[in-house]
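K.L.:
Just dropping this structure here.
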């Protein structure tokens, strides 16, 4: 009993020396600590966002197999961009992001872009294949995007100038060949007859899939084609070499190639906004603006929602590998902590100019963060 009294006396003496406890001070310190934590989280998210934007630039160039961004001016784009139905449909009905679940988790995506449509503009043929020293329209060069994919569709698009009176137009597509003994330089590909009424000019498409497939099998046979569209008076209405005011009316090839479907896989994760106080791993919104990059060579989309992952990954939040939580409990010093990373990503469709001034419509995988998790 005497010992207990001594202990109580010592305890009371310590309280007197220490003075009264300020509960408000402790509360203020806690509040300041929380504010500091939130500021640090905001700063971390801002750094993560900046890093994500820079990574997207690098990824796009890499996935499109471009060493640098194509140097194409806005004026050049206006001249090269065809004013044609298939391109307008791609832009008007543009599907920037697919919300379906057909594209699965990150590990199921291929790295490089999948080409779906290639729009190839004509180039001038070399002197050896020109007839009588004059370039004949049109010569098309094909990139590996066409050569190493299955061609599903190939259409030659030509623009016919307007007529003043109703007339019948005879369209003929000729393939340039090596000179034969009788001097023949052409062989027919397709011919058709169509009626035109007064008014605006029209775009006409012609199936050239068989010819394209032959060219891909035997590239040396690709010497070019000639286009004729004669009215009843023998006037050629086809725009092969555009005159002033005819920008965007060049002939071109629209080639569609096969795409490979991907497997799907569902995942779960948190969604947050920029004002969220969530400290755990979460998906945050991020819009990529290609015009802000100065990337005029991307026709569409001009911007898209990429999103990014940020937040803490304590082992209790671990989603992808639950067994790691048990490992950490057994050996907390010997196991590395999880990171907040994308666990599900989806592609974007993109319409762009490549380095050869060809218009490509394709799918770039793993460009949109759909889910974030700790792994």
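Each Cβ is built from the backbone N, Cα and C atoms, and glycine gets one as well.
Swiss-Prot feature annotations, pasted as is:
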DISULFID  272-282  disulfide bond
DISULFID  281-340  disulfide bond
DISULFID  309-372  disulfide bond
DISULFID  313-374  disulfide bond
CARBOHYD  71  N-linked glycosylation site
SIGNAL    1-18  signal peptide
K.L.:
Hey, what's the Cβ neighbour count for residue 340 (disulfide bond) at 10 Å?
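P.N.:
Its Cβ shell of radius 10 Å holds 23 other Cβ atoms.
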K.L.:
Find, for the listed disulfide-bonded residues 281, 282, the residue with the lowest Cβ contact count at a 10 Å cut-off, counting only other Cβ atoms.
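P.N.:
Ranked by other Cβ atoms within 10 Å, the disulfide-bonded residues 281, 282 bottom out at 282.
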K.L.:
Expressed to the nearest Å, what is the distance separating the residue listed as 'N-linked glycosylation site' and residue 281 (disulfide bond) at their Cα atoms?
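P.N.:
Rounded to the nearest whole number, the Cα-Cα distance is 39 Å.
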K.L.:
Taking the Cβ of residue 372 (disulfide bond) as reference, which residues of that chain separated by at least 6 in sequence fall under 8 Å from it?
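P.N.:
Non-local contacts for residue 372 (disulfide bond): 269, 270, 281, 282, 283, 309, 310, 311, 340, 341, 342, 343.
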K.L.:
Which site among 309, 374 has the most other CB atoms no more than 10 Å from its CB, taking these as disulfide-bonded residues?
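P.N.:
When each Cβ's neighbours within 10 Å are tallied, 374 tops the list.
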